[in-house]
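See structure below.
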Amino acid sequence: MGIPMGKSMLVLLTFLAFASCCIAAYRPSETLCGGELVDTLQFVCGDRGFYFSRPASRVSRRSRGIVEECCFRSCDLALLETYCATPAKSERDVSTPPTVLPDNFPRYPVGKFFQYDTWKQSTQRLRRGLPALLRARRGHVLAKELEAFREAKRHRPLIALPTQDPAHGGAPPEMASNRK
């Protein structure tokens, strides 16, 4: 006396459904690329800012950047936090006096360290869909030429109309030259 085929198939399908749910729960984290990666890093790191590559002192093996790790491999919260910059000092921490910078010290971010405010405008531009060509100063002339080309292409007639009406006694010049 064996198990009926219908019941064994039902048991098999039930097992496969539970197995696929368990595999989906333990699968590696998702990958993050481009703007999603930047937005996630901004959310995770907050005001601390973040690096695209870890400083050499933290990593003993060949250094891979956050893009290579999160875009091409799986990415989780612990990995994202390793790319956050060192936390800013709290307002209560007055153990060391503030550092006085010389007047000729550059005021722009140096290296691969980015603050949230500098990325905020870039991500807003990306969300609006402005191409990089329009954001560059030297690209404005090229952008105007591209727009003029698109405008001319948009208003091009579908067919070329003859210059003379053939019904009223004259064929177009193209037709007259073909008959000779």
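Using N, Cα and C of the backbone, Cβ positions are placed for all residues, glycine too.
According to Swiss-Prot, of the candidate residues Thr99, Thr123, the site noted as O-linked glycosylation site is Thr99. As annotated in Swiss-Prot, O-linked glycosylation site applies, among Thr40, Thr118, Thr163, to Thr163. Between Cys84 and the candidates Cys33, Cys45, Cys70, Swiss-Prot records the disulphide bond with Cys45. Disulfide annotation in Swiss-Prot: Cys33 is bonded to Cys71, selected among Cys70, Cys71.
Neighbour density for Cys70 (disulfide bond): within 10 A of its CB lie 24 other CB atoms from the protein chains shown. Confidence over the region 'B' (25-52), given as mean pLDDT on the 0 to 100 scale, stands at 77. Counting Cβ atoms from all protein chains shown, Cys45 (disulfide bond) has 20 others lying within 10 Å of its own Cβ. Cys45 (disulfide bond) falls within a helix when secondary structure is assigned with DSSP.
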